[in-house]
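Here's the structure, in structure tokens; my notes come after.
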Amino acid sequence: MHSSVYLVALVVLEAAVCVAQPRGRILGGQEAMAHARPYMASVQVNGTHVCGGTLVDEQWVLSAAHCMDGVTKDEVVQVLLGAHSLSSPEPYKHLYDVQSVVLHPGSRPDSVEDDLMLFKLSHNASLGPHVRPLPLQREDREVKPGTLCDVAGWGVVTHAGRRPDVLQQLTVSIMDRNTCNLRTYHDGAITKNMMCAESNRRDTCRGDSGGPLVCGDAVEAVVTWGSRVCGNRRKPGVFTRVATYVPWIENVLSGNVSVNVTA
């Protein structure tokens, strides 16, 4: 990868960012089986959940770059692993400080392209049955329309904005990209690096940004954006495909990249 990677040390999110943006947004789902998704991460600012993430290595969590929009360095960003409930004591739950955040060099606040980032934890996660990385999808292929995939998160579960305390899960059906690009849907905005899932009253919602779309046993994509009104069938959920970015991710994880460091 020849582009520089921008690394921001100990940066944080403002909770309002993921709440107010029409991006990444589980509505119409159900409570997930406790600890059945040991890769799930909760990105937290000052102790409040703001975005989801996926543990992809013992010290790295993959999420969405737009979760960084409007950040300030005066707040505290942490990553919670091993959790089902955000508030109840659980034996496998641990809150990790963040050493650094690496934004994809192509990501921008005014664009939905290249919407990925990586959190480097302050130290390696304690791995086991309840905390375990999920493999990346490495095959750069189109997921067949109608394929059922899994999303999970702690995002809002009602249009009124109610947030759950326990992890929610939803099975979604993959939509053909050409259909998703019709004028009646996303009107040409879906690039080859994105994919869509049907969202008729069942959708990711605010606070689910950055979480994984899991097809089979791998991270297929990352929750990115959709409609301001979650569950709008005319605005399918949009995800950033992971396979295209595997070389960048692996370069970041291995340290084989040129980085710019700012405070």
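Note: Cβ is positioned from N, Cα and C throughout, glycine not excepted.
DSSP assigns His66 (active site, charge relay system) to a helical segment in the three-state reduction. As annotated by Swiss-Prot, active site, charge relay system applies to His66 (among others).
Residues or ranges marked as active site, charge relay system by Swiss-Prot: Asp115 (among others).
Here Swiss-Prot flags Ser209 (among others) as active site, charge relay system, drawing on similarity to another entry. Mapped onto three states, the DSSP output places Ser209 (active site, charge relay system) in coil.
DSSP assigns Cys51 (disulfide bond) to a strand segment in the three-state reduction. Marked as disulfide bond by Swiss-Prot: Cys51-Cys67 (among others).
Residues or ranges marked as disulfide bond by Swiss-Prot on the basis of sequence analysis: Cys149-Cys215 (among others). All protein chains considered, the CB of Cys149 (disulfide bond) has 20 other CB atoms within 10 Å. DSSP classifies Cys149 (disulfide bond) as strand under the three-state reduction.
Annotation source Swiss-Prot lists disulfide bond at Cys180-Cys196 (among others). Long-range Cβ proximity for Cys180 (disulfide bond), meaning a same-chain Cβ under 8 A and a gap of 6 or more residues, is found for His186, Ile190, Cys196, Pro236, Val238.
Residues or ranges marked as disulfide bond in Swiss-Prot (evidence: sequence analysis): Cys205-Cys230 (among others).
Taken from Swiss-Prot, the feature domain 'Peptidase S1' applies to 26-254.
The secondary structure of Asn46 (N-linked glycosylation site), as reduced to three states from DSSP, is coil rather than helix or strand. Summarising the annotation, Swiss-Prot assigns N-linked glycosylation site to Asn46.
Residues or ranges marked as region 'Self-inhibitor loop' by Swiss-Prot: 224-228. Restricting the average to the region 'Self-inhibitor loop' (224-228) gives a pLDDT of 61.
Among the recorded positions Asn46, Cys67, Cys149, the ones whose Cα sits within 10 Å of the Cα of Asp115 (active site, charge relay system) are Cys67, in sequence order.
Cys180 (disulfide bond) falls within a helix when secondary structure is assigned with DSSP. A count of other CB atoms within 10 A of each Cβ picks out Cys51 as the most crowded of the disulfide-bonded residues Cys51, Cys67. Taking the C-alpha atom of Cys67 (disulfide bond) as reference, the shortest distance to any of the recorded positions Asn46, Cys149, Ser209 belongs to Ser209.
For His66 (active site, charge relay system) paired with Cys149 (disulfide bond), the C-alpha to C-alpha distance reads 23 Å. Neighbour density for Asn46 (N-linked glycosylation site): within 10 A of its CB lie 14 other CB atoms from the protein chains shown.
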